[in-house]
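Pulled from Swiss-Prot:
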| type | residues | note |
| --- | --- | --- |
| BINDING | Thr274, 333-335, 350-358, 372-375 | UDP-alpha-D-glucose binding site |
Amino acid sequence: MEKRVEKRRIVLVPVAAQGHVTPMMQLGKALQSKGFLITVAQRQFNQIGSSLQHFPGFDFVTIPESLPQSESKKLGPAEYLMNLNKTSEASFKECISQLSMQQGNDIACIIYDKLMYFCEAAAKEFKIPSVIFSTSSATIQVCYCVLSELSAEKFLIDMKDPEKQDKVLEGLHPLRYKDLPTSGFGPLEPLLEMCREVVNKRTASAVIINTASCLESLSLSWLQQELGIPVYPLGPLHITASSPGPSLLQEDMSCIEWLNKQKPRSVIYISLGTKAHMETKEMLEMAWGLLNSNQPFLWVIRPGSVAGFEWIELLPEEVIKMVTERGYIAKWAPQIEVLGHPAVGGFWSHCGWNSTLESIVEGVPMICRPLQGEQKLNAMYIESVWKIGIQLEGEVEREGVERAVKRLIIDEEGAAMRERALDLKEKLNASVRSGGSSYNALDELVKFLNTE
């Protein structure tokens, strides 16, 4: 009688946020398709927990809440993450202990989001291989390494020197010191300390990154040399895994019916992610700029994204009337389906990494309105490296909005960006096909996990 081969188990540990959960779950789907059992270890977070249940065949275990999420407002993002890591070690060890005792659970590996480095202690104690997963770009991972070696005092002094600001990091053209993502994490010193924790305290066996060689070959080569462990670029994971990933917000599918009535490449799609907030004036200027562009638009406005207002009631009635005649306003949209629709000609984005990849995969050029450090770096690559978008800088004014939309949708400049975006689309799709770089990287990762 043939001996039954037990499948090996992989434990995934995501950050409890849409931009981190989505690619982690896509990674899980890709590994599940290669024969691994998947367990997701998550903190107590009801909204995300209910969303993850849409993944049949995945097991879910809870890491007890060690630090209330409300503390992030008191501490700042970097300090909160460091405290979360300190307080989560013991509860995660207990979680892994229970999993290890279950019969038939041969844990091949713990794969954890780079910000959840508390997982290393449990991996080391139970002698389980661990792998880091970066949900952001390879270039951001490079920046973490660079920032981990800086002192806050010297960095602040250097940033007052224009010559130092514009200095290109060696071997990483066009990345400059002033492009390092230092905003959005609170005070500088806790951020640098967090980077040191993220980079220097790890004994992981490998790094997985949601990117592709055709997008970031220099950064990937730099990381491979600097880290001294295998680096696996598996992206874009939403096509590697053939899965859009979980949505934590209810999607308005009726917007697709509206898109079906629009002309090809005529619509500007606007979505600023799950966390962005706007001032009243900014929203009004956006509305007038979109109206004055005379282009149809699909505008995602999350409830509560404008302080003091539930949704769009802050707009004057005549503006709401014109907006709904010219465009479509949704509380949330099925983004991958929207970007792949032939009516969409451009994407106004906050330039989160998932949105950036999703736009490139569909060959859609972008208007970039980044809000914080990582997004600003992505926007720089979109505009200056890949040349598939334009940045909308400074205060949002209706004239600038109108001009940006026309440049992207109507002008020859936008047509050239679209051609470059379509070229990148083909390269990315080739990377996940048999023999492509991401396809091969996934096979190499599977071999690596089976030999660890």
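Glycine is no exception: its Cβ is also placed from the backbone N, Cα and C atoms.
Taking the binding-site residues Thr274, Ser355 in turn and counting surrounding C-beta atoms within 10 angstroms, the largest count is reached at Ser355. For the recorded site, Thr274 (UDP-alpha-D-glucose binding site), the DSSP three-state label reads coil.
For the recorded site, Gly352 (UDP-alpha-D-glucose binding site), the DSSP three-state label reads coil. Neighbours of Gly352 (UDP-alpha-D-glucose binding site), defined as other CB atoms within 10 A of its CB across all chains, total 25.
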